Amino acid sequence: MESLWKLSYLLEPASLALILTAVSVAYASASRALDHGREMERNLDFSEASITLDRSQALMIPLASSCSLLLMFYLFSSVSHLVTAFTAVASAMALFFCLSPYVNCVRSRLGVGDPFVSRCCSKPFTRLQGLLVAICVGTVVAWLVSGHWLLNNLLGISICIAFVSHVRLPNIKICALLLVCLFVYDVFWVFFSERFFGANVMVSVATQKASNPVHTVANKLSLPGLQLITKKLELPVKLVFPRSLMGGLAPGSSPGDYMMLGLGDMAIPGMLLALVLSFDHRKIKDMSVSQDMPPSKQRKYVWYALTGYGVGLVTALAAGILSQSPQPALLYLVPSTLGPVMYMSWLRNELWELWEGSRPIINDKAHLLEV
């Protein structure tokens, strides 16, 4: 009975905010990936084309991630300034990518002119884009100075959406391979790394803070306002929500405690959602072209995957609460998202079509490798 009572912690404001944000970001990532692909096809502009993973790349991702994890575990204090600087640049670029469609939409609806100013990286650069760059850079600077968790989450969400939009899966075959490999990766580094390295590598890396290069420079130059600049930063590679959010605080928790979810636990399922959302829209388009085929009223695959993601995320949080120990989220998210999609496609006799995927658009800019 006590265990069931502990599950009420899932109704804390921090837990609910984490769940709702993660589900929304996973769907937003898939939707933005679909729109980005359409935009590239419509404009025949592949200078920002996506990378479509092949089998060898899917196998290399867990290995590369493991190497990065060990590097951060042993050498983080030595490279934290460099990592923070790289993350700041990537965050600004990702935020620009995410906000650009909204700026263009507002401009077109208001009929506001946006005169050409110059060329940047062989692309036209307008005044509104310049203003947006300033806003994005200002947001990153505000994060570097304050380290506020809301800004951290905003930048992390932007990175997640940009990643899913630019790194694609060609079919369920490669998707299943990637998810199973990352399933093993997550389980090993959370549950078994302590036996080999003397500490839980995943938890250690996820919870350590980076040194703030802005604070270091301000300190060396004895600049005024040094006390306003945070010394340590949570990098935007995870969502963080304070347990004291809106007055909620679980027994045994301190006001400084946070609930965390790694970006990979949103981005990897988001790649699956992007794949099935693209498949859903292609099926609808094929049916609209075919005159003798009635429009399908079947539920889209993306909703099965998204529902499974929500269920898997709640299950992962519940397991963490009941066990009082960190849980590998992909242990729950991989079967809860991939399973329903494969089962429903098998029932509809579309598993082979999803398994092999549609032929991608070949261009000299995109990195497309056929399996």
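In case you wondered, yes, glycine gets a Cβ from its N, Cα and C as well.
In terms of which side of the membrane each occupies, Swiss-Prot places LYS6 together with PRO326. Scored on C-beta pairs under 8 angstroms, the neighbour of the transmembrane segment (7-27) with the top count among 172-192, 259-279, 302-322, 327-347 is 302-322. When the Cα atoms are compared, ASP186 (active site) and ASP265 (active site) turn out to be 10 Å apart. Non-local neighbours of the topological domain 'Cytoplasmic' (168-171) in the same chain are 33, 37, 50-54, 178, 271-272, 274-275, 354-357, 360, 371; each lies 6+ residues outside the stretch with a CB under 8 Å from one of its CB atoms. Remark: ASP265 (active site) has ALA22, LEU313, ALA329, LEU330, LEU333 as non-local neighbours, by Cβ distance under 8 Å and separation of at least 6 in sequence. Residues 172, 175-176, 179-180, 182-183, 185-187, 189-191, 202, 261-262, 264-265, 268-269, 272-273, 276, 301, 304-305, 307-309, 311-313, 315-316, 319-320, 353-354 of the same chain, all 6+ positions outside the transmembrane segment (327-347), place their C-beta atoms under 8 angstroms from a C-beta of that stretch.
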